[in-house]
Amino acid sequence: MTEVKTGRVVDDAPVNDAPENNAAEATSPARHDAIPEEARQRAAQLRADLERHNRLYYELDTPEISDAEYDALYRELVGLETRWPALRDEASPTQRVGGEVLEGLEKQAHTLRMYSLDNAFSRDEWGAFIQRMYNALPDAPSAFWCDPKMDGLALEVIYENGVFTSALTRGNGEVGEVVTAAMRTVRNLPLALRGDDVPRRIEVRGEVVIAKADFEQLNARQSAAGGKLFANPRNAAAGSVRQLDTTVTAGRPLQFLAYGVGQVVLEGGTAPWTTHSGLMARLREWGFDTPPEGRLCASPDEVWAYYEALGARRESLAIEIDGVVAKLDDTEAQEALGFTARAPRWALALKFPAMQARTRLDDIRVQVGRTGVLTPVAILEPVRVGGVEVSRATLHNEDEIRAKGLMLGDMVLVQRAGDVIPEVVRPLVEERTGDERPFVFPENCPECDSPVVRPQGEVAHRCVNVMCPAVRRQSIIHFVSKAGLDVRGVGERWVQQLVDGGHVTSPVGLFLLTKLDLMRFERMGPTSAANFVTALDAARTGATLVRLICALGIRHVGEQTARTLAANFTDLDALREADAETLQQLPDIGPEVAGSIRSFFANEGNLELLERLRAIGLWPKRQDAPPASEGADAIVLPLQGLKVLFTGSLTRVGRTEAEDMARAAGANIASSVTKSLDLLVVGGKPGSKLEKARKLGIRVMEEADFFAMLASGVASVDASEAVAEETPPSQEAAGAEDAPSQGAAHVRTASDETGSASGDDSRGAAAENDPARPARGGAMSTAEGEDVPRGRAEQLKLF
């Protein structure tokens with residue numbers, strides 16, 4: 001297959017999304033120092049924390065920390081991985097785009113990955129980015145196209161022959177949620193493109209936003225109707241697009257602003273633009289609105305001047321923005337620079353400093369979490385910060401209060417950076433009147449009056465009473481939450497009401513509730529009560545070992561560690577018997593985590609809870625595993641230790657479910673095709689990952705064969721052995737013919753398509769003959785030593 005770089009035919013060079021091939025990063029000297037255990041544990045904790053906050057922000061729209069706090073965690077992890085490169089792995093948040101796709105809406109793979117952007121917060125960091133760019137491409141042009149960085153929901157709208165056909169949220173960058181019906185109601189989205197020169201197929205990428213004035217009116221209507229108020233325009237936009245009832249979406253003041261394209265299929269010829277500014281002009285001609293204030297800057301210095309000027313008047317703009325996106329204007333230079341594992345090397349987000357406001361610190365209240373940690377919360381005189389009313393802010397711990405020198409009654413500086421939870425920056429000492437009072441951290445729990453302790457080496461104070469009402473309440477809420485057992489339809493407010501009323505004293509109590517029990521509560525009718533009971537019963541019978549371990553709330557055990565434990569122990573009995581030495585032999589489990597697990601199982605109250613869970617049938621074993629041998633804690637799994645990657649559109653289950661099944665069989669999930677990959681599982685239209693795997697001689701297995709292998713419990717692949725049955729050469733060639741290289745956006749001419757078109761979304765018999773799918777010559781196929789045949793379709797990579 002040939003690629004077109006801004007109209008010139010060159011040798012095919014698929015996007016290489018493996019981090020080790022990052023040309024810009026390759027200039028950094030390798031570090032081989034021994035990794036201290038503290039650094040290893042801190043990196044593991046940072047990865048778990050960042051993944052959790054990614055999910056809260058991108059998927060659930062309920063962030064718990066500010067952008068500035070997230071950036072600080074992210075940069076700390078980058079620093080550790082830079083200092084000790086062996087800490088970096090493919091699952092690190094620094095190597096990925098985003099988080100996982102929510103259930104509830106249909107999922108669909110993006111034809112081409114929707115990448116994230118790297119960030120800069122200072123002129124020095126902008127200069128460092130420019131230097132890296134010129135190191136990688138010395139003759140790179142100096143002009144950049146600049147847009148405001150909008151604070152909305154990123155998605156992709158797709159047009160066939162000029163007519164709107166579908167829309168996908170960005171999701172995790174590779175798979176998004178189908179929101180076609182909702183986007184059809186967005187008034188400024190063209191349902192048909194203008195002009196005669198529209199592409200045969202085009203994927204337009206942009207942001208769904210709500211203007212500030214429209215947001216105020218929306219919240220006023222919500223308030224008048226007694227509905228829930230939105231925290232900010234981004235949450236309102238994201239929630240509106242994800243509505244299953246499109247009449248609700250139609251009533252929301254949404255706008256779609258286009259900033260780029262994915263795949264483009266032309267009737268003939270080459271792309272009608274050679275610059276990003278030219279692309280933006282063409283998008284406007286086709287009928288799209290584009291971000292306001294977009295501008296072509298002739299040099300990096302001009303970009304910085306644009307950034308400063310826009311930042312000075314951001315409050316006067318009609319939409320919420322939190323920075324500037326600068327993209328190298330020349331598309332041929334973009335193509336030459338390519339991508340890292342998570343972001344383009346030719347674009348950068350220049351973030352604005354957080355928005356700030358003055359207000360009074362009226363009080364500091366202490367809350368108790370599920371692990372007994374006491375967290376101080378600032379109670380503020382309500383103030384608007386960046387268009388959102390702020391009345392509370394977390395202070396994290398006593399040390400932060402002391403370090404900032406806060407006193408009750410202080411005038412303080414508060415900031416937020418586009419998310420819900422703000423930060424108290426500092427007290428305005430110069431405005432003190434003498435009436436301010438020092439805050440004294442409580443010596444007793446505010447919920448149960450038990451003594452509070454601060455363990456040596458920790459910043460947190462803890463309530464040591466295991467029967468503390470707050471600890472019990474938060475533990476039960478966590479047990480059924482998305483971070484725990486993930487019980488759909490059982491809301492936090494109902495659980496809190498049941499616990500506070502004394503009707504439920506442990507997680508087990510929830511599963512013993514009957515429909516009649518629930519109908520005694522106000523606003524809990526027969527249907528709601530039945531749904532509540534059904535949801536809990538479904539969670540009880542369908543729980544996986546991973547989710548149960550997460551639900552138990554063992555300190556230092558997040559979802560990734562829970563997956564590791566579930567992959568190595570048959571059930572909680574086996575895990576309970578494991579000693580600290582056995583646990584520390586597992587990936588990412590050090591002395592602290594192992595000690596926490598052992599402490600959990602040494603607690604009599606926890607053991608009693610486990611027996612009660614067993615009694616109600618909530619006792620899952622490791623998925624697809626035979627019982628462990630007598631006296632053995634861990635078992636050998638079909639895919640134990642193998643690196644597995646999924647690509648293409650899966651038909652049996654979603655990508656997340658497939659990855660969970662592979663993990664349960666002992667596999668490690670990879671994020672890209674590298675030499676260390678053991679197995680690539682392909683669905684429909686697998687694209688560039690399949691082509692790259694063939695070039696590297698990596699084993700390839702079709703979706704149906706993979707699930708058949710899991711069902712049998714016997715692995716058909718071993719990284720140390722040759723493939724048992726290779727596909728006959730004739731079938732291999734037929735299966736590989738015209739497989740599209742989809743590393744980034746590309747343009748094809750319609751006249752070059754033969755057989756089953758790669759743009760065809762049909763299934764069934766058509767999918768069987770899809771030339772982008774591998775042949776069915778056996779359970780596995782490989783093309784070691786063979787070059788994948790090139791098609792004649794032309795490609796152009798665009799952001």
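Even glycines carry a Cβ here, placed using N, Cα and C.
Here is what Swiss-Prot records for this protein:
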type     : residues                                                                                  : note
REGION   : 1-35                                                                                      : region 'Disordered'
COMPBIAS : 1-11                                                                                      : compositional bias 'Basic and acidic residues'
BINDING  : Asp67, Ala68, Glu69, Tyr70, Asp71, Ser116, Leu117, Asp147, Arg170, Glu207, Lys327, Lys351 : NAD(+) binding site
ACT_SITE : Lys149                                                                                    : active site, N6-AMP-lysine intermediate
BINDING  : Cys445, Cys448, Cys463, Cys468                                                            : Zn(2+) binding site
DOMAIN   : 634-723                                                                                   : domain 'BRCT'
REGION   : 720-799                                                                                   : region 'Disordered'
COMPBIAS : 755-767                                                                                   : compositional bias 'Low complexity'
COMPBIAS : 787-799                                                                                   : compositional bias 'Basic and acidic residues'
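Recorded features from Swiss-Prot, shown on the structure.
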residue	record	contacts (Cβ under 8 Å, 6+ apart)
Glu69	NAD(+) binding site	Glu423
Asp71	NAD(+) binding site	Asn119, Phe121, Lys351
Leu117	NAD(+) binding site	Val325, Ala343, Pro344, Ala347, Leu348, Ala349
Lys149	active site, N6-AMP-lysine intermediate	Ile321, Asp322, Gly323, Val324, Val325, Ala349, Leu350, Lys351
Cys445	Zn(2+) binding site	Val368, Leu374, Pro451, Val452, Cys463, Asn465, Cys468, Ala470
Cys448	Zn(2+) binding site	Cys463, Asn465, Met467, Cys468, Pro469, Ala470
Exercise. Cβ within 8 Å of the Zn(2+) site's Cβ centroid: which residues qualify beyond Cys445, Cys448, Cys463, Cys468?
Worked result: Val368, Gly372, Asn444, Pro446, Glu447, Asp449, Ser450, Val452, Val464, Asn465, Pro469, Ala470, Val471
For this session: Determine the mean pLDDT over the domain 'BRCT' (634-723), rounding to the nearest whole number.
Result: 75
Exercise. Relative to the Cβ position of Arg170 (NAD(+) binding site), how many further Cβ atoms are located within 10 Å?
Worked result: 24
Seminar exercise, completed: Reduced DSSP state (H/G/I helix, E/B strand, rest coil) at Lys327 (NAD(+) binding site) is strand
Seminar exercise, completed: Across all protein chains shown, the binding-site residues Cys463, Cys468 give the max Cβ-within-10 Å count at Cys463
Seminar exercise, completed: Other C-beta atoms within 10 angstroms of the C-beta of Lys327 (NAD(+) binding site) total 24
